[in-house]
Amino acid sequence: MSSKPEQKETHQANGAVVPIVPVDCLASPDRGQLVEPSDFLGPDSDGVEVVVLESRANAKGVREEDALLENGSQSNESDDTSTDRGPEPASPLKETSFSIGLQVLFPFLLAGFGTVAAGMVLDIVQHWDVFKYVTEVFILVPALLGLKGNLEMTLASRLSTAANIGQMDTPKELWRMITGNMALIQVQATVVGFLASIAAVIFGWIPDGHFSIDHAVLLCASSVATAFIASLVLGMIMIGVIIGSRKMGINPDNVATPIAASLGDLITLALLSGISWGLYKELESKAYVNPLVCAFFIALLPIWIIVAKKNTATREVLYSGWEPVIIAMAISSVGGLILDRTVSDPNFAGMAVFTPVINGVGGNLVAVQASRISTYLHMSGMPGESSETAPRKCPSPCSTFFSSDVNSRSARVLFLLVVPGHLVFLYTISSMQGGHTTLTLIFIVFYMTAALLQVLILLYIADWMVHWMWGRDLDPDNFSIPYLTALGDLIGTGLLALSFHILWLIGDRDSDVGD
């Protein structure tokens with residue numbers, strides 16, 4: 001009985017509806033004191049159970065709205081706190097296609113213009129000596145750009161979650177989260193950068209049968225240094241954005257990931273170009289510089305491992321977060337091999353500027369869909385638990401794109417964003433005279449076909465992969481996005497190369513090449 005007043009106070013703080021009681025019942029005859037809680041009990045000592053039920057329903061609605069807000073898809077409806085809703089957690093079915101598209105549009109355009117800037121940089125640097133004579137650097141491009149999805153975007157997600165649940169409110173907690181997560185991404189960036197250089201050496205050696213130890217060390221030094229510095233710069237930017245967002249009362253989930261997506265490609269590609277160019281110039285006169293740079297960053301690994309291991313917030317990721325990062329890097333490297341084989345061919349002139357755009361747009365859209373599906377599943381339980389809201393493991397294309405549930409609706413909206421988005425990006429590239437290509441009608445048709453097919457495949461794979469990982473007790477938030485963005489790089493590069501090849505066969509490219 002002593003807990004009743006606390007329960008009533010909690011219910012009122014949660015905004016629950018309290019049964020209306022006459023004023024006379026709230027005070028003693030002299031209206032000087034409130035009556036005891038026992039006065040509210042009936043003859044059979046039955047409590048006011050409706051208050052407890054209302055509070056639970058209201059708390060459930062608040063949790064649902066918070067989850068949707070973190071995923072950038074908060075419903076505009078306000079009836080989630082209805083008392084006649086059953087105990088089963090409700091799914092976010094109240095969103096309209098217009099509200100989904102409106103919320104996704106600005107981050108989509110922001111990230112898209114970032115990929116356009118990266119494409120313009122790649123279009124310029126492809127003519128530098130280091131890209132001409134050490135063509136394996138092209139293989140590094142998709143793998144290192146993929147670090148944005150593998151490291152920076154997951155860092156933004158982790159820190160945003162920590163900020164939203166109050167784990168960064170005090171200076172001590174803030175410093176602990178910053179040091180642990182920064183050390184973690186330095187470990188991951190160094191290892192992935194080193195492995196990406198090995199993959200580039202192998203993929204460059206197999207077709208030609210030629211191996212140069214100087215070029216191999218150059219690739220290793222360039223890749224490791226780029227991955228380390230890019231992760232450091234982007235990590236600091238993410239921390240600043242998240243702290244500033246919290247102070248301004250903005251949900252970090254809504255701004256951190258788009259900024260990571262828009263800046264990641266540009267910063268990484270600019271660093272890779274500048275570092276590889278500088279190290280290439282030192283090959284002849286100072287050959288010891290390349291191995292020294294590579295050894296320096298690798299020697300720092302034990303320090304970052306110790307710092308990340310001591311932090312409870314990053315220890316688990318340090319042990320278990322390698323599989324998706326490394327496999328995604330390998331998949332992206334295959335896309336880099338396609339880029340390496342096509343970008344130097346005159347018949348594929350202009351492909352360099354469009355590759356980061358089509359890959360970035362596809363990866364960003366499928367990341368949004370994967371995050372939405374994951375949130376949808378988390379609202380009904382934990383990974384590995386059976387969920388009535390989860391469809392069969394191998395969904396049909398009709399259920400993915402044409403059913404009435406919210407995830408199918410969002411898939412249609414994201415798919416419909418492809419054509420207008422790419423038209424804006426193509427016009428931007430053309431106005432900046434990038435790609436040495438004029439935008440003829442047939443070129444736009446083939447380009448749009450490749451982009452639509454890429455996103456169509458990725459959205460279907462996301463629907464299957466997220467549910468499959470959920471059933472295998474894996475959190476899709478940590479495992480699905482690296483795989484999907486890497487597949488976006490591979491599928492996008494392959495389809496774009498195929499489109500350019502078909503255009504060359506039918507003769508349209510002869511009139512499109514501007515130089």
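Going from the start of the chain as shown, residues are counted 1 onward.
Glycine residues also receive a Cβ, built from the backbone N, Cα and C atoms like all the rest.
Note that TrEMBL annotation is computational and uncurated.
Marked as region 'Disordered' by TrEMBL: 1-20 (among others).
Per TrEMBL, compositional bias 'Basic and acidic residues' is recorded for 1-11.
Per TrEMBL, the feature region 'Disordered' maps to 60-94 (among others).
According to TrEMBL, the feature transmembrane segment maps to 104-124 (among others). Within the chain, the transmembrane segment (104-124) has long-range Cβ neighbours (under 8 A, six or more residues past its boundaries) at 72, 141, 145, 254, 257-259, 261-266, 268-270, 273, 350, 352-357, 359-361, 364-365, 368, 413-414, 417, 421, 424-425, 428-429, 432, 434-436.
Positions annotated as domain 'SLC41A/MgtE integral membrane' by TrEMBL: 141-275 (among others).
Annotation comment: TrEMBL describes 182-204 (among others) as transmembrane segment.
Summarising the annotation, TrEMBL assigns transmembrane segment to 216-243 (among others).
The annotation transmembrane segment is assigned in TrEMBL to 255-275 (among others).
Residues annotated as transmembrane segment in TrEMBL: 287-307 (among others).
For 319-339 (among others), the entry in TrEMBL reads transmembrane segment.
Positions annotated as domain 'SLC41A/MgtE integral membrane' by TrEMBL: 355-498 (among others).
Annotated transmembrane segment per TrEMBL: 411-429 (among others), in sequence order. Counting only same-chain residues 6+ beyond the ends of the transmembrane segment (411-429), those with a CB under 8 A from a CB of the stretch are 97, 100-101, 104-105, 108-109, 112-113, 115-116, 119-120, 353-354, 357-358, 361, 365, 368-369, 400-402, 435, 439, 444, 447-448, 451-452, 455-456, 459, 463.
Within the chain, the transmembrane segment (441-461) has long-range Cβ neighbours (under 8 A, six or more residues past its boundaries) at 354, 358, 361-363, 365-366, 369, 395, 397, 400-401, 411, 414-415, 418-419, 422-423, 426, 484, 487-488, 491-492, 495-496, 498-499, 502-503, 506, 508, 512. Annotation comment: TrEMBL describes 441-461 (among others) as transmembrane segment.
What TrEMBL records for 481-506 (among others) is transmembrane segment. Remote same-chain residues near the transmembrane segment (481-506) are listed as 142, 145-146, 148-150, 153-154, 324-325, 327-329, 331-332, 334-336, 338-339, 342, 347-348, 350-351, 354-355, 358-359, 362-363, 366-367, 370-371, 442-443, 446-447, 449-451, 453-454, 457-458, 461-462, 465, 512 (criterion: CB distance under 8 Å, separation of at least six residues from the stretch ends).
Broken down with DSSP, the domain 'SLC41A/MgtE integral membrane' (355-498) shows 108 helix, 1 strand, 35 coil. Per-class residue totals from DSSP over the domain 'SLC41A/MgtE integral membrane' (141-275), listed helix then strand then coil: 119 helix, 0 strand, 16 coil. Between the transmembrane segment (216-243) and the transmembrane segment (319-339), fewer than three CB pairs separated by 6 or more residues in sequence fall under 8 Å, so the two stretches do not touch. Within the chain carrying the transmembrane segment (319-339), a Cβ under 8 angstroms from the stretch's Cβ atoms is held by residues 138-143, 145-146, 149-151, 188, 191-192, 195-196, 199-200, 203, 351-352, 355, 359, 478-479, 482-483, 485-487, 489-490, 492-494, 497, all 6 or more beyond its ends.
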